[in-house]
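K.L.:
I have a structure here, written as structure tokens, and I will follow up with some questions on it.
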């Protein structure tokens with residue numbers, strides 16, 4: 001039955017769709033409750049079968065938000081093919097489809113802009129204007145996408161809607177603004193548009209320390225380059241590099257800017273390493289990691305709290321004399337609610353309580369840092385949370401060992417001690433490996449940064465000597 005429905009979607013056969021639904025009224029519901037590579041609505045939207053799309057939406061509007069194997073909604077496919085009326089039907093059902101991102105981090109507005117479907121793009125922007133501000137996975141904005149795909153008209157449309165200073169000057173994963181891309185691609189009209197219609201910062205540097213003017217030759221150049229230089233100089237653009245670059249160097253730098261975070265053959269974004277070795281941080285990944293870390297910290301805090309108020313061996317149920325342990329607590333008075341372990345094995349209880357309290361406070365610290373709104377895309381904060389998580393997990397492991405120590409009878413203590421010893425060695429070895437790996441990484445980064453600093457100082461000294 002699903003195969004027949006798929007064929008009906010390919011052909012746009014509305015009559016066959018109605019016949020199939022008469023035979024099986026729950027046919028469309030299975031695409032909502034089950035897991036399929038794509039739904040009939042995806043197929044019909046991709047092929048532009050408007051009547052078929054309208055019929056499905058009238059019966060099951062929930063299918064509009066279903067995603068395929070690439071996490072694309074039917075609106076993504078209609079946007080890619082430029083089917084305006086199909087897109088309008090989908091938007092009437094659920095305008096928030098504009099905000100859904102596919103596996104490449106693109107929403108329908110990104111796709112429509114990259115394909116140059118102006119009418120459809122205008123409709124999408126009108127439905128959800130803030131969707132145009134959503135960055136793609138590698139940090140590129142919809143303006144970057146327009147420049148990369150040489151969609152000047154789409155860029156004009158968007159500049160008229162979202163042209164505030166902060167958005168226009170957004171950088172991608174390699175620190176390049178829209179102006180860097182436009183100059184690297186020698187798009188004269190795009191450069192003039194950005195200079196005349198936006199508040200683009202012409203002196204903004206990318207991660208390699210190049211301004212827009214640095215990407216152009218100082219003396220020689222073709223007509224396009226000369227026009228761009230004149231336009232930039234009128235806006236008081238400056239160069240960050242005193243030493244002129246050769247044509248070969250300029251060509252290599254431009255190619256790097258245009259190819260970074262982008263696969264030209266397929267038009268698919270892909271993660272690239274920045275020059276400083278850092279990988280661009282996927283914000284959705286950061287959010288998922290933060291949520292997972294919050295869940296782990298909450299579970300650890302709950303475990304530590306429960307172990308703290310209900311320690312191993314329990315608590316005394318009544319006031320009286322503790323005759324349970326002849327060696328340590330014979331004749332000692334106890335009070336209901338007090339820990340039995342604290343009376344019978346004082347030092348074990350101290351070790352247990354110390355480890356448990358450290359784990360509890362470390363878990364609460366993780367929760368506090370996560371809800372404080374720290375910028376988790378920065379490595380420093382990620383490293384802090386990682387260290388605190390290590391402390392919390394290690395403390396809980398020691399608390400568990402002390403619990404076993406307290407609950408094990410003397411005749412079985414030797415075998416349990418052997419097991420705990422092996423476990424402790426394995427755990428310590430694992431922690432040492434992690435510490436060594438991260439220490440070597442940190443040392444490598446520090447050395448690399450120092451070498452870069454030395455090279456810059458040498459370059460500055462040689463430049464000054466040359467000018468003198």
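Cβ from N, Cα, C; glycine included.
Not my notes, these are from TrEMBL:
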type     : residues : note
DOMAIN   : 284-404  : domain 'PGG'
REPEAT   : 70-102   : repeat 'ANK'
REPEAT   : 104-126  : repeat 'ANK'
TRANSMEM : 347-371  : transmembrane segment
TRANSMEM : 380-401  : transmembrane segment
TRANSMEM : 413-437  : transmembrane segment
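Surface or core, plus neighbours and distances: that's what I need for these features.
P.N.:
Helix first, then strand, then coil: DSSP counts for the repeat 'ANK' (70-102) stand at 23 helix, 0 strand, 10 coil.
Same-chain residues lying 6 or more positions outside the repeat 'ANK' (104-126) and placing a CB less than 8 Å from one of its CB atoms are 70, 73, 75-76, 78-80, 82-84, 87-88, 91, 97-98, 132, 134-138, 142, 145-146, 148-149, 151, 153-155, 157-158, 161, 267-269, 282, 284.
Same-chain residues lying 6 or more positions outside the transmembrane segment (380-401) and placing a CB less than 8 Å from one of its CB atoms are 293, 296-297, 300, 303-304, 307, 351-352, 355-356, 358-359, 362-363, 365-366, 369-370, 374, 420, 423-424, 427, 431, 434, 438.
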K.L.:
Going by DSSP assignments with H, G and I as helix and E and B as strand, what are the residue counts for the repeat 'ANK' (104-126)?
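P.N.:
Counting residues per DSSP class in the repeat 'ANK' (104-126), I get 17 helix, 0 strand, 6 coil.
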K.L.:
Could you give the residue numbers and ranges of same-chain residues that sit at least 6 residues beyond the transmembrane segment (413-437) on either side and whose C-beta is under 8 angstroms from one of its C-beta atoms?
P.N.:
390, 394, 397, 401, 404-405
